[in-house]
Amino acid sequence: MKLFVLIALFGLGFAQHNPNTRDGRTAIVHLFEWRWADIAAECERFLGPKGFAGVQISPPNEHILVSSPWRPWWQRYQPISYNLCSRSGGENELRDMITRCNNVGVNVYVDAVINHMCGAGGGEGTHSSCGSWFNANNKDFPSVPYSNLDFNDGKCKTGSGNIENYGDPYQVRDCRLVGLLDLALEKDYVRGKVADFMNKLIDMGVAGFRVDACKHMWPGDLDNVYRRLNNLNTKWFPGGSRPFIFQEVIDLGGEPITTGEYVGLGRVTEFKYGARLGELFRKWNGQKLSYTKNWGEGWGFMADGNAVVFTDNHDNQRGHGAGGASILTFWDPRLYKMAVGYMLAHPYGFTRVMSSYSWDRNFVNGKDENDWIGPPSNGDGSTKPVPINPDQTCGDGWVCEHRWRQIMNMVQFRNVVNGQPHANWWDNGNNQVAFGRGNRGFIVFNNDDWALDVTLNTGLPGGTYCDVISGNKDGGSCTGKQITVGGDGRAHFYINNSEEDPFIAIHADSKL
């Protein structure tokens, strides 16, 4: 019996590590703060045809409306209820988007905020995205309903009621994260309300969840909630499929709470990945790309099958969260494209690409005073649509990194080489490196201050290939560089260090 229970335990967690992607698709994109109507259109016109596996959406539940500062992005992370009406749209628009994305093979992953409700200073009234009344002062949220009995205040031992010391795991789990009212997830009633919210989304067709702030919840409480979740909707997924769970746990080392406590329940965000990747491409702290021959677990990251990896996310591109100044973002486009290219070419982890909006940064003593600014919006605070320009970029302040040719084409590269081993490594001892993926793909980087000029074994069949970084394969022709691979698998590469994009990628489907 014990053995059976162990297998059942392990089996459930293991199933929750599976992203349930379709048709050999391998990378998801976070369309941060996009409206549901725009995501639905993007699935149909771009994400589906271009081979993206899925989209991570911003929290869909009712949230507080903050006036000072004006409608910041982080108001989405302060729930008022589990009603499905948010800054991105209402329940009907959400359902329509989930259906339309699923119909073109693109999964939807929900950012689930279940650790807390709004901030203790959230006040009383109907300043919420659906107009529900609430009173944060006495912890009254009748639209759930939650009352003061459903929060952790009695368990928290700090004077302020907030987390004061990250060295104390009890504080981190039982006290308020930056003043946010901390739900008592040990209570059966609260667990039930959270599971009902998640199950409604599963029944609508979502494929899984990014679970926010998991470090601040006890693993046993999360396990209980996950066990209550329904299997995925069989209209789009095989019978018995479990929701994909990936948990936000910031663990850069140095704290008692580690990712290891959560990997049995689902995948976990590997924040070390983007922090190290940024250092490597910036060449900080003596780092060199030549040191990445054993990139992945060899660098002290969690096991491959447990990791969700990303260059940047919505927090750390603003200096919040983890990684500090080393994090590469769209503000550093040349290095950013290389770093994302490296991530998408390398077999380690399940990959997430960021899609951002720009804002007017204002650095004072190294801190961006405008890191709160919400998405492009109208005077009334409503989020603007995402317009697509004739050149396929986005307008109105939406950055759309996922549409940049170099990133879009590397998502396709990852699909083409899926399942192939890391092979044919080469480096120059500095910041020129190359590696292949079996006999399906090969990529070369020059991050040195001098030209790369070398003949390498690619492992690819002989022929002429289109470099998908400098251009696109268009029928039988190529709009970028062409690379000739000999019958022996060898090819000559030249990359000047002054090029806009000093890297080259070729793969089986880019053969002319």
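Backbone N, Cα and C define each Cβ position, glycine as well.
Swiss-Prot lists N115, R173, D182 as binding Ca(2+), and of H63, H216 the one it places in that same site is H216. Between C85 and the candidates C43, C130, C156, C175, Swiss-Prot records the disulphide bond with C130. Sequence-distant neighbours of C466 (disulfide bond) (same chain, 6+ residues apart, CB-CB distance under 8 A): N472, K473, C478, T479, G480, K481, Q482, I483, I506, S510, K511, L512. Of the listed disulfide-bonded residues, namely C101, C130, C156, C478, the sparsest CB environment within 10 A is found at C130. Cβ neighbour counts within 10 Å, taken over all protein chains shown, single out C400 as the most crowded of the disulfide-bonded residues C85, C394, C400. Other C-beta atoms found within 10 angstroms of the C-beta of D182 (Ca(2+) binding site) number 26, with every protein chain shown included. Between C43 (disulfide bond) and C400 (disulfide bond), the C-alpha separation comes to 13 Å.
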